[in-house]
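Swiss-Prot annotations:
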TRANSMEM  14-34  transmembrane segment
TRANSMEM  104-124  transmembrane segment
TRANSMEM  129-149  transmembrane segment
TRANSMEM  161-181  transmembrane segment
TRANSMEM  200-220  transmembrane segment
BINDING   HIS264, HIS322  heme binding site
TRANSMEM  266-283  transmembrane segment
TRANSMEM  296-316  transmembrane segment
TRANSMEM  318-338  transmembrane segment
Amino acid sequence: MTIAAAPPSSRFRAVRIWLTLVAALIAVMVLVGGATRLTESGLSIVEWKPVTGSLPPLTDTQWHAAFDGYKQIPQYRELNAGMTLDQFKTIFWWEWSHRLLGRVIGIVYLLPFLWFLWRGAIGPEWKRALWIIFALGALQGAVGWWMVASGLSQRTEVSQVRLATHLSLALIIYAAIVWTLRRMADGARVAAPVRLRVTALALLGLTFVQLYAGALVAGLRAGRLYNTWPEIDGALIPDAARLWFESPWWKNLFDNHLTVQFDHRMLAYALWTLAALHMIDALRTRAAARGAVQLFLALTAQATLGIFTVLYAAPIDLALVHQAMALVVLTLAVLQAERLTATRKDRTARDRGAAGRLAIPSEPFPSA
């Protein structure tokens, strides 16, 4: 049920169109990053040049220089010795495209943001949030290089912990933008019991934990192992000695292929169960029921994709669909949490912080 509707406003539409574009670009970048990882292309560029690195090699000499740099790292020597220049170009373009998208996102975010600030289109409440998002984006570039650097000296791949950190930060930025878009939208304030609000926030938090766990699975390539379901390693619950053989025990949570995949499965079961309970509660109280149903259905589809990804040993196409569906789940979880936790004060804050001269007749993001 709803108890109060915010007055229609077009004052944030231009800002929302801009933020929707940024969110879409981040989603594309996450998928390109996934393809870069799955094709084992992430270490093909061994230098970090935030400005001059935007240009790819343009001559044979430059291509050979880039290839020679790749030949110096363990991944080439131990896994790809004998690779041809044409084969190197294939993995190079994936990593270069991923980095280029990062630069494009930075420009698409910063330049309109400065313009909106200059025009007075963004009030104090949103300025702070949007500057924080920009700072997180700048940090993400450094985290990306920190991740790549982990695979340049001793390892033949990047650290799965750093990979998970890199992906998690991208998803935090994406979620922050979606949350801001939803809060800027015209919509009714939902009257719901505290229990429903708490479970919506719990679903969002657990979704982030699950996404981090999934990134660990991807970084370890653990999805190519234990390709049975519902059993894993021959049992519903593997032997404790195999789950916890690393010392100290907590290393198993990050380094043990079996433990990492088992955790990812258990978190999926917990998330699906919580979403089902949340949906039942929402249907019973008629509070944000549509959002609860959408989230539950998305999680059901994602769980199904996850099962098939495991059974088929994580082929690239299926793994990418699984990752794309994770973005859908995160989007719906953010929208549901914001919908149920927004207060009347939050809903009217936009009217204090917007300028009316930037109206664009569009509705780029769902408002209910």
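Glycine residues also receive a Cβ, built from the backbone N, Cα and C atoms like all the rest.
Its Cβ taken as reference, HIS322 (heme binding site) is surrounded by 22 other Cβ atoms within 10 Å in the chains shown. When each of 14-34, 104-124, 161-181, 296-316, 318-338 is scored by its Cβ pairs under 8 Å to the transmembrane segment (200-220), the top-ranked stretch turns out to be 161-181. By the Cβ criterion (distance under 8 Å, sequence gap of 6 or more), the transmembrane segment (318-338) is counted as touching the transmembrane segment (14-34), at least 3 such pairs being found. Just going by CB pairs under 8 A, the stretch in 129-149, 161-181, 296-316 that sits most against the transmembrane segment (14-34) is 161-181.
Counting residues 6+ beyond its ends, the transmembrane segment (161-181) has Cβ neighbours under 8 Å at 16, 19-20, 22-23, 26-27, 29-30, 33, 37, 126, 129-130, 132-133, 136-137, 139-140, 143-144, 146-147, 150, 204, 208, 211-212, 215-216, 218-219, 254, 327, 330-331, 334-335, 337-338, 364-365 in the same chain. If one looks beyond the transmembrane segment (296-316) by at least 6 residues along the same chain, the residues whose Cβ comes under 8 Å of a Cβ in the stretch are 35, 38-39, 221, 223-224, 226-229, 261, 268, 271-272, 275-276, 278-279, 322, 325-326, 328-329, 332. Proximity of HIS264 (heme binding site) to non-local residues of its own chain (separation of 6 or more, Cβ distance below 8 Å) is seen for GLN210, ALA213, GLY214, LEU216, VAL217, ALA222, given in sequence order.
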